[in-house]
């Protein structure tokens with residue numbers, strides 16, 4: 001593989017890592033509170049608000065129903081408003097983050113729901129309010145699941161970022177489509193897939209190690 | 001059958017409830033789930049320093065009742081006073097400072113798995129906003145009290161069930177509560193561990209003068225540590241009194257059935273052969289207090305004309321009071337049965353002729 005191809009591969013890797021990391025971080029910041037909100041406002045939750053829960057649920061489902069490639073295009077006006085342009089790596093981060101946030105919210109919701117209700121009761125019985133329950137019970141007890149879910153989200157984002165080539169964001173997926181597929185350069189395709197495998201395995205490995213360290217239940 | 005035991009002179013019960021101030025007062029409490037009443041007009045008083053045991057079968061409403069006391073469950077009507085303050089009708093936020101005056105331990109311990117033993121014990125103080133140094137000092141003190149000083153840095157998952165409940169007890173005591181609520185705290189533990197946890201609770205009750213209200217479905221728990229017992233059935237208190245007198249003279253069928261496991265029962269082999277007539281009458285004799293202190297059987301032997309044998313039974317010691325149940329077989333030949341009944345009745349024993357058997361077994 002030529003020097004130029006290698007540089008192209010490295011640049012694409014950087015673009016993918018940037019898109020995944022930035023949109024992943026945003027989805028964590030917004031998705032976790034959203035997941036918490038879905039749990040605590042639900043029936044029997046610590047801040048039961050059925051209407052808010054229904055609205056949040058509907059919004060999350062709405063965003064999750066739209067295919068990512070459509071969302072990418074549909075969000076162009078918003079992207080332009082936030083980033084100033086609708087083309088390039090940074091522009092792709094907006095739709096990626098908006099797609100990943102409700103996705104991650106649902107995953108976090110599942111872990112948060114699994115927290116033993118007896119623990120919430122114990123903290124209520126000792127005089128703890130909602131914040132104490134969230135800080136001392138819900139988040140710490142669900143933390144290993146929250147981290148495991150975040151790992152899944154990051155891996156999904158690596159895949160989704162391949163479509164970001166459609167708006168000129170670059171990245172490994174874009175490289176594979178343009179060089180590997182459209183120009184029949186099998187070597188590029190193989191190289192891209194190999195790099196992606198290493199990237200995904202790396203994310204998963206780090207995630208798994210964190211989960212093992214955080215889980216005190218066994 | 002309805003004869004009651006006279007109070008015994010010269011013996012003071014281990015706890016004199018009547019002289020002490022009230023910590024918790026419940027007045028006509030009601031709570032229903034849908035159409036089924038879980039608590040149906042309960043009135044109870046818990047006095048400072050006593051251990052009050054509430055016993056009932058599962059579904060009797062005891063869990064709902066105890067959860068009303070710290071506002072985890074909202075009653076439909078009735079009043080609850082904790083240290084003279086009414087808590088019914090208070091909002092969640094107003095309840096929070098009050099709950100710090102009420103410790104609670106649970107059947108499944110409910111320890112936070114992500115926190116160390118020390119952090120679990122210190123949590124009520126953290127919630128209260130106390131400084132970290134104070135929290136750790138208090139946690140160390142309490143872990144010492146429950147005998148787990150060496151486990152401070154361990155995580156709950158590495159502890160045995162008994163150790164977990166000790167941590168639960170230490171945690172419940174952290175904020176210095178006025179009363180400790182125990183929700184089936186030993187039901188998930190084996191008999192040996194149960195005994196050690198009950199001994200710890202009794203020890204804390206006596207050392208710290210802590211008031212304890214516990215619910216259980218096991219009479220054994222009541223016998224070990226309670227001063228008073230209230231029996232709950234279908235949401236109502238059907239019987240209430242000092243433990244020893246309730247054991248000696250249960251007034252309701254529910255209490256008798258709850259006691260069946262730990263009180264002597266007529267052996268099955270004989271119970272199955274009871275008939276209306278026979279050569280031997282089977283008597284059940286219940287004695288307690290003064291009646292159980294005298295040489296009753298030897299007196300009986302010299303004052304009736306028939307021979308008799310002891311089939312089964314024994315004398316238990318509850319709160320320092322002898323409480324006994326004896327099953328006697330009295331030969332019917334020379335009219336001794338009526339004599340025996342008369343003699344025993346005269347000595348404050350409760351006698352019941354259960355039936356007759358013919359061949360010895």
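Keep in mind that glycine also has a Cβ here, set from the backbone N, Cα and C atoms.
Positions annotated as domain 'ABC transmembrane type-1' by TrEMBL: A:13-205.
Annotation comment: TrEMBL describes A:20-40 (among others) as transmembrane segment.
Under the heading transmembrane segment, TrEMBL lists A:52-76 (among others).
Feature annotation from TrEMBL assigns transmembrane segment to A:82-105 (among others).
The transmembrane segment annotation in TrEMBL covers A:142-167 (among others).
Annotated transmembrane segment per TrEMBL: A:187-207 (among others), in sequence order.
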In the same chain, which residue numbers or ranges, 6 or more beyond the ends of the transmembrane segment (A:187-207), come under 8 angstroms Cβ to Cβ?
-> 1, 5, 9, 12-13, 16-17, 147-148, 150-151, 154-155, 158, 172-173, 175-176, 179-181
Sequence-distant contacts of the transmembrane segment (A:142-167), meaning Cβ under 8 Å and at least 6 residues beyond its ends, amount to 16, 19-20, 23-24, 27-28, 31-32, 68-69, 72-73, 76, 86-89, 91-92, 95-96, 99-100, 103-104, 107-108, 110-112, 114-115, 173-174, 176-178, 196, 199-200, 203-204, 206-208, 210-211, 214-215, 217
Counting only residues 6+ away from its ends, which parts of the chain sit with a Cβ under 8 Å from the transmembrane segment (A:52-76)?
-> 34, 37-38, 41-43, 45, 86, 92, 94-95, 98-99, 101-103, 105-106, 160, 163-164, 166-167
